[in-house]
Amino acid sequence: MESIEEFEKRLGYRFQNKNLLIEALTHKSYKKPYNNERLEFLGDAVLDLVIGEFLFLKFPKADEGELSKMRASLVNEKGFAKLAERVSLGRHIFISNAEENNKGREKPSLLSNAFEATMGAIYLETGLSVVREVVHRLLDEVYPKIDLGSLFRDYKTALQELTQAKFGETPEYVILGSSGPDHKKEFEVAVCVLGSEYARACGSSKKEAQQEAARIALEIFHRKEKEAKESALKGKSE
């Protein structure tokens with residue numbers, strides 16, 4: 001197994017407090033008095049800011065809506081897992097034997113959480129400037145030809161992957177109606193999961209409306225996940 005020093009070298013940052021790094025790499029399954037959940041919570045907020053800043057500087061002509069969509073395509077489990085893979089983070093996480101046997105080192109969720117926690121740990125030790133340097137460098141390495149088009153996600157596919165993983169079900173899209181003249185029609189679509197409406201949106205085509213509804217639904221799912229994490233952490237501290 002590679003040393004922590006090798007990981008730090010790839011990361012481009014050497015921790016003064018190694019215990020902080022070890023905590024960031026420790027999954028809750030490892031059964032220690034500590035795990036990386038609190039650092040993950042902090043890192044999530046830090047990454048939201050520095051990735052937003054990266055896009056703001058990279059695309060001076062992009063409007064707020066475009067920047068928000070691009071950030072949503074990077075600030076998520078899949079995006080963070082890609083950055084984690086870039087520094088071979090999976091080799092260094094501390095997990096239980098059960099997780100090891102279940103290929104836990106390759107799971108996007110574990111990689112994403114540990115990456116968030118590691119960024120939270122760097123922030124605690126040195127502040128925002130070093131996190132910014134590390135993350136901006138990794139983004140340039142992972143997305144060398146980043147542009148507006150390449151960052152817009154297929155939200156329908158992303159939502160389907162999420163709902164199949166969580167519920168074993170695929171989303172259903174319902175056309176609620178259309179308005180406007182034939183040359184400038186607008187369609188309204190609702191996306192339903194397990195029979196319940198999660199979001200609705202409008203677009204100049206059915207496909208565009210479905211993509212926007214899927215994007216909103218993804219935001220709702222991610223917000224609920226974040227709120228659940230915050231609630232769980234609050235419960236543990238009380």
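Each Cβ is built from the backbone N, Cα and C atoms, and glycine gets one as well.
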Binding-site annotation, Swiss-Prot, Mg(2+): partner of N113, E116 in E23, E37, E40, E197: E40
Chain-mates of E40, N113, E116 with C-beta within 8 Å of site centroid, Mg(2+): N36, E37, L39, F41, G43, D44, F80, S112, A114, F115, A117, G120
Fewest other C-beta atoms within 10 angstroms, as judged across E40, E116, which are the recorded positions: E40
